[in-house]
Amino acid sequence: MPFKKIKSRSTSGLFDELARKNVRKSAKDYFIYFFTLALSVCLFYSFNSISTQFTSLGIEDKLNYLAFSSGMLNGFSVIVCIIMGALVVYANRFLLKRRKKEMGIYATLGMERKELNGILMRETLRIGAFSLVAGLVMGIFAAQILSLLTAKLAGISLESYRFMVSFKSIGLSVLFFGILFIFVHFFNTKELKKMSLLDMLYSDRKNETVAAAGIGAGWLFAVLSIALTAGGYYILITVAKEDIARALGQGVVLLMLGTLFFIKSVLRISTRLEKMNKRYYFKNLNLFTTSQFSSRLKSESTSIAMTSVLLFLSLSLIILGPGMGKYATNGIGYSTPYDASIYYSSVEGKDVEDPMELLKSAGFDLQKYSNSYEAFWTYTAPSLTSDFLSGEKVEYEKSETNHKVEISHEAGGFEGYDEAEYAAYEQQMSLLTILGLEDYNRILASQNQEPVQLKEGEYAVSYAFPVMEKKLEEFQRNPKTLTIGDTSLSLAPKGIYRAGWKNQNILSENGTIIVPQSMVQELTRDQWFVDLNYLSQDESFGDKVYDGWFNADVTGFQLWTRQETMVSLTADNLLTTYLGLYLGMTFLITAGAVLAIQQMAHSADNIKRYNLLKKLGASKRNMKQTVTKQLRVYFGMPLLLAVIHTSVIVGVVFSEFEGFDAKSKLTIIGAGGLIVFGVYIVYYITTYLGSKRILQLK
């Protein structure tokens, strides 16, 4: 019994030493594997610690807008975990394949399968621990950079910034990658069971046998590729104007299929044409390079196509995420002209003549919180809809109603309402807001702006956000006559004004019509507003306003404070920006790692072939050229396709962003491109240097 224990301990020590040496050797030959794992941990930690970043910046989130954004990012971490898990298993498969002969030698020396599994388990634990620690250190510092980005996006100072570590995110990272490496161990065990001793010992002598693909199949794939890609572009360009979500869904699917057939076709056709061009084929080592491409057609054309798809999804998301986030806050300066806005809609309760008195009787006395406020009504006219300013005609089944329609948004949505009722609801939503001139000038005065002057028979138009800018420029050049009842008005010279007249968290509008005050008495009241600035600008005073509001019975009223509005808009910006970066970086790491590991494993398989080339007198320069040509094709082709597809997708989406200036678009595109090309070039250079080291071509 003691002898068995001593033997067990000595064997365990031997296996630990063997595993340590193997990891050191693997780290040298397959640095890209460790780099990818560490980068994955870094990414996982930094984006799951968003809530901690909000705390470090002192951002208050009374209504849980930021908590929702953080929860959404954590939810998408499930997708990231699945992708990263598949990536690690894929990478491990190549490493295991590379070491088949080594495992075979261990087996011939008397090791049993469970002992081989023990060695691999020890190696997996060492690799996992090293990658986890390195990734967490990188992630903690990356999270601080994200905090600075958060502060910039939120437009807040860094005075309250504190260096913080999210122990919850550390725990999640350890849990996920711990489970991941357990799966890797089970995968290794399963793979070893399937291998015979002969498979292990002679794996380096087995070549992939692929029947020569007829050039006819290549041309067929080329035709399918052109048809699918053209179809995808057509849907993206034409359908996007009606339904951009459907256009992106259908268009991207077609582009993915088109990319798959393109890769299959171009590899087949190019290798066949190279063989037909004898002058090129027999020059230097082109014969060897072409044979390499041809032998890998079956096993790698699909993976290269998927890499290209991941790359264009990555580039698109990294650009569109921040782009949509920036667009969501385009014109944010006009969204909060006051400390708070309160509004009352007659749809939500009984019509009242004096909402201010109703608000006071509900328990919220405005004068306790402000001595600088303006109250006013907005109005609508049944015949005045958004198409008056935009020029985009809206058709309705039944649009001559002057009543308000209440539609329940609970389960069932619009179910149970006939077409006429739904049409009336749609029209109600597109009715232009009308303000009296005196009310509008009081609003401007509260913002220290010059009043608007209208002559008899004139009207003006007000807007706040860039989405209306181009439309109103065109409207100024070709103004329309405004007819309400029996009164006709013409647009005043230079009658387009820009001013925000309420706090709102949606930076979109249809414009506001300004008419003489005497006309609004004949119009339909829509909503009552009161815009106010607080008695004190102390941060705690805002809490006092909230307490007073929530302690009152304010049914029918809504409150939008400056802080609440800014946090809501910031949450939208952060969610779209970080979600695009999170998923985009995940796809980018996956694409780069798959290509790098695949090419380096291929180089390891080719050691004997390159040694034979040396014996035949081939120069190192020519052999380096063969490596460079292959890497340029395998890395360059997916990148080229990704850039082309992304250009179309980004162009289509950005064209729908009305009022989004070209400078912002170019900045976002440039930054996104730098991120993708920067990470991708690291993978390329690392793969090139690693391949040269493996093939001893330094």
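Any Cβ shown, glycine's included, is placed from N, Cα and C.
What TrEMBL says about a protein is an automatic prediction, not a curated fact.
The feature transmembrane segment is assigned by TrEMBL to 30-47 (among others). If you look at the transmembrane segment (30-47), the same-chain residues 6 or more away from its ends with a CB under 8 A from one of its CBs are 73, 77, 80-81, 84, 87-88, 91, 95, 127-128, 130-132, 134-136, 138-140, 142-143, 146, 166, 169-170, 172-173, 176-177, 578, 581-582, 585-586, 589, 592-593, 596-597, 600, 683, 686-687, 690.
If you look up TrEMBL, you'll see 67-91 (among others) marked as transmembrane segment. Under 8 Å from some Cβ of the transmembrane segment (67-91) lie the Cβ atoms of residues 33, 36-37, 40, 43-44, 47-48, 50-51, 54, 61, 172, 176, 180-181, 183-184, 187, 571-572, 574-575, 578-579, 582-583, 586-587, 589-590, 593-594, 597, all in the same chain and six or more residues away from its ends.
Marked as domain 'ABC3 transporter permease C-terminal' by TrEMBL: 75-196.
Positions annotated as transmembrane segment by TrEMBL: 127-149 (among others).
The transmembrane segment annotation in TrEMBL covers 169-188 (among others). Taking Cβ pairs closer than 8 Å, the transmembrane segment (169-188) reaches residues 37, 41, 44-45, 48-49, 52, 77, 81, 84-85, 88-89, 92-93, 96, 117, 120-121, 124-125, 127-128, 131-132, 135-136, 139 in its own chain, all 6 or more past its ends.
For 209-235 (among others), the entry in TrEMBL reads transmembrane segment.
For 247-267 (among others), the entry in TrEMBL reads transmembrane segment.
The transmembrane segment feature in TrEMBL is assigned to 304-325 (among others).
For the transmembrane segment (575-597), same-chain residues at least 6 beyond its ends with a Cβ under 8 Å from one of its own Cβ atoms are 30, 32-33, 36, 39-40, 43, 47, 50, 68-69, 72-73, 76, 79-80, 83-84, 87, 90-91, 94-95, 146, 153, 303-304, 306-307, 310-311, 313-322, 324-326, 328, 634-635, 638, 672, 675-676, 679-680, 682-684, 686-687, 690. Residues annotated as transmembrane segment in TrEMBL: 575-597 (among others).
For the transmembrane segment (631-654), the list of distant contacts is 233, 236-237, 240, 244, 247-248, 251-252, 255, 259, 262-263, 266, 293, 300, 304, 307-308, 311-312, 314-316, 319-320, 323-324, 591, 595, 598-599, 660, 665, 669, 680, 683-684, 687-688, 691: same-chain residues at least six beyond its ends, Cβ to Cβ under 8 Å. Summarising the annotation, TrEMBL assigns transmembrane segment to 631-654 (among others).
Per TrEMBL, the feature transmembrane segment maps to 666-689 (among others).
With a cut-off of 8 Å between Cβ atoms, the residues of this chain six or more beyond the transmembrane segment (666-689) that come close are 31-32, 35, 311, 314-315, 318-319, 322-323, 326, 584-585, 588-589, 591-593, 595-596, 599-600, 627-628, 631, 635, 639, 650. For the transmembrane segment (304-325), same-chain residues at least 6 beyond its ends with a Cβ under 8 Å from one of its own Cβ atoms are 153, 252, 255-256, 259-260, 262-264, 572-581, 583-588, 590-591, 594-595, 634, 637-639, 641-643, 645-646, 649-650, 653-654, 657, 660, 665, 668-669, 671-673, 675-676, 680.
If you take every residue in the domain 'ABC3 transporter permease C-terminal' (75-196) and average the pLDDT, you get 78.
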